[in-house]
Amino acid sequence: MTDIASPSFVRHDLVNERPAPVKTTGFIGWVRTRLFNSPTNILLTILGALLLWFTIVPSVRFLMVDAVWSGNDRTACLAENAGFAVGACWPYIQAKLPQLIYGFYPEAERWRVNLTFVLAAVLLVPMLVPRLPAKGLNAGLFFFAFPVVAFFLLHGGGIKGFGLSWTAGLLELFDDSIIGAGNVLLNLSKTSAVAPLLWVIGNLIVLVGTAIHWLVFPLIWLRDQIQGSGQSVWVDFAVTTAVVCLIAFFLGGGLRTGWRALASSFATFVAIAIVIKLMGLDHGGLPIVLTNLWGGLLVTLVVSVTGIVTSLPIGIALALGRRSTIPLIRIFSIAFIEFWRGVPLITVLFFATYMLPLFLPGNFTVDGLVRALIGIALFTGAYQAENVRGGLAAIPRGQGEAAAALGLSWWKTTSLIVLPQALRHVIPNLVNSFISLFKDTSLVSIVALFDLLGSLRASFSDPKWSTPSTAFTGFAFAGIIYFIFCFGMSRYSLFVEHRLNAHRRN
Amino acid sequence: MSTEARKPPPQIALKIRRALGGKSGWNGIVVQFAFAAILGWIAYEIVSNTRANLENQHIAAGFGFLRNNAGFDVNQTLISYTGSDTFLRVFVVGLLNTLVVSVVGIVFATVIGFIVALCRLSPNWLVSRVGEIYVEIIRNLPLLFQILFWYLAVLAALPNPRQSISLLGIAFISNRGLVIPRPIGESGFEPFLAILALGIVVSLGLRFYARRALFERGQVIRIWPSVLALLFGLPLATMLVFGLPFTFELPQLKGFNFAGGSRIIPEFVALTVALSTYTAAFIAEIVRAGILSVHKGQMEAGSSLGLSRGATLRLIVVPQAMRVIVPPLTNQYLNLTKNSSLAVAIGYPDLVSVFAGTSLSQTGQAIEIIAMTMGVYLLISLVTSAVMSVYGWRVSRSLGA
């Protein structure tokens, strides 16, 4: 028998412990794998750290540590008075804050601006939170009711009539222009080579115009009667309410299913009546504040919100026009979109400021702010059209064909089936366009409107606050405001994109 | 009995409908006529109103004003210009200034953009965060804000010329702008240029030949030594024979300002810095997205073929990424060109500033001047988009093949 207890190939003592493997988890491991895993990376890490050190530390020192926090004029922010190298001069911002937010808006009326801001926030926040209900009502309020209310709040003034007088006025204008066009053709026919043709067409147009004139005559007569009475706004309002509610009732299906439409339109008119009564629009409204007194953040927000609200319908119309099967409309849309996309915004603003007044009748002046708004709406509308077109192209043909198979008309197919899906697809792109619109509003300062940046620039020239650090302080303040808005919007667009792509994640 | 097929019915109405209304039929024709009538009416109103307004303001329409004397000075001109030159010359001066700032901005923006994109793609956490911070800050601030920041805050805070910051003793930065050495042509300049051009042409020919050889016969020809000799050796040899092509005139501080050298106006510096850093942030995102769009398997396949990391990037990843990168990159270049019109805010004499600004206020010819200015930008962007659609067509064709 052999001794099996101690054969030569069996170990007699324990193996020494191996050293622990290099740690790849936790903070130390993370630092090893992400920062110091190779000589190049060590070098890059050091460079990056140095870069951060030389940018962040001076910024923090400027904004907080070395800053002057109180004072009445420039002397507080001079190095010889403060006793150290002065950073940001915050009392300058405190002194200029009203100008940076309201411009020259009269001090007694600034509550109106604040109220508008609050209203906008109250309407906007529920719209942005996807979980909250009643998105349709909310969107309607924000996109239709809010701009009107905000106009009467910010600008002031009242109304003389209501729907009836406006309709009558518009129809009268339309009719006049038709008769005018006919008369022009008749005049031309006296000298032209194709005189008989022009004469026939001109007479036809004048005939149509006269016919329309007799058609709308009762409306105009009614308008004149109402204007004659003392309570013109309220009588007009009552008539308009009755007419619109009746139309809604019959379009909604009459006695069978029309009650719902009747109720909702009646509720809308009650709400409008409350607003008119509250703001006293029927007798003059709030005191008028002309737009050349507006300024600062107010103008920035007014321009961007108006741009957002107006550019989307323009964009949708142009995008649908570009996909239209009617050649003339398609060509017009393409030319329109490519024109506005091909020129810089600043030339558009120059166009709106210098050329637009020439295009309008001499007795018709347009406010400077409105001119800039028109330019920005057209410009942004062209960009939004391209975004919407991307969404429309992403909808499978089958959707439209299925709708057509169900017997829906083009309008119903577009507004109920195609557009809702297409717009939902491109929300991130639309928000990105809104961000660039918000940044582009700063350009209105070039055409003599004082937005946030324009007011800031104007405040630099105040000798009371001219110190070496004034410009940097002002830019830091305005930069923070712009950054908060733009960064907030871009995060929101990311959030929406994430939500929309939920089915693609795994 | 005839066996010929019957002729199809003429269907004249159908043909007319097709010709006039396209796919949309009679409805389309009616809509088109109404639309044309409205457009015509608007155009008529605009023309008649404009005529009446111009008559009231005593402005003569037409481009005759372009031959009048401008009578104002421009502080940066690439071609000779004095106040007694015509408005047409002002237009050309402004256009050249726009093109110069755009080209310089595009070069810097591309370089910075690629560097930032590489930073963002770096596996190093800190470096990618630095790139991200850069992109987020720059993209979320308005461009006009950045231009004014550089011009009103940073450049204005620089010292005056006497205490200017020296860059290696040859260039100086002060609040009057950047002063750099000016090259002065010498006798050997023309032969130098000729030889350089020859070297470039021959190198391109060599490269073409080498690639043909590689693709058709699989023969690898090493061309870089000869290219190096052609591009650097030959011009150096010419320099030895004909003398120096140019010398530099160094700026000297004399009194309160610099004498000699060429001065780059601070407006140009501020505009270039702002435009290139701003556009670089967008370019960085485009490049990053392009490189990320190439599937990971391509890189792995490259390394499984035995290619080095650099060769895989150069031969496999980058060519595929370029297809995604080039169209939006061109768009950004176009944006930069259009954004250079913001020069008007700081008084850099670009097209909008000198032509749509100063000339417009002097002559009052709003329609002609703004139409010309818009036309220039429109032409640039339409030509670019035409070139890009040809490029897209070629790419899609090569992908299909």
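Every residue gets a Cβ built from N, Cα and C, even glycine.
Worth saying up front: this structure is predicted, and the values here are computed from it rather than measured.
The annotation domain 'ABC transmembrane type-1' is assigned in TrEMBL to B:95-388. The transmembrane segment annotation in TrEMBL covers B:25-44, B:90-119, B:140-158, B:192-210, B:222-248, B:268-287, B:369-393.
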Interface present between the transmembrane segment (B:25-44) and the transmembrane segment (B:140-158) (three or more C-beta pairs under 8 A): no
Same-chain residues near the transmembrane segment (B:222-248), Cβ under 8 Å, at least 6 residues beyond its ends: 170, 181-189, 191-193, 195-196, 198-200, 202-203, 206-207, 210
Outside the transmembrane segment (B:268-287), six or more residues from its ends: residues with CB under 8 Å to it: 76, 101, 104-114, 116-117, 120, 131, 134-135, 138-139, 143, 146-147, 149-151, 154-155, 177-178, 321, 325, 328-329, 332-333, 335-336, 339-340, 342-343, 346, 348
Chain residues in Cβ proximity to the transmembrane segment (B:192-210) (below 8 Å; excluding those fewer than six residues from its ends, i.e. six or more beyond): 221, 223, 226-227, 230-231, 234-235, 238-239, 242, 245
Spatial neighbours of the transmembrane segment (B:90-119) far in sequence, C-beta under 8 Å, 6+ residues away: 66, 70, 74, 76-79, 81, 127-128, 130-131, 134-135, 268, 271-272, 275-288, 291, 332-333, 336-337, 340-341, 343, 348-355, 358-359, 372, 376
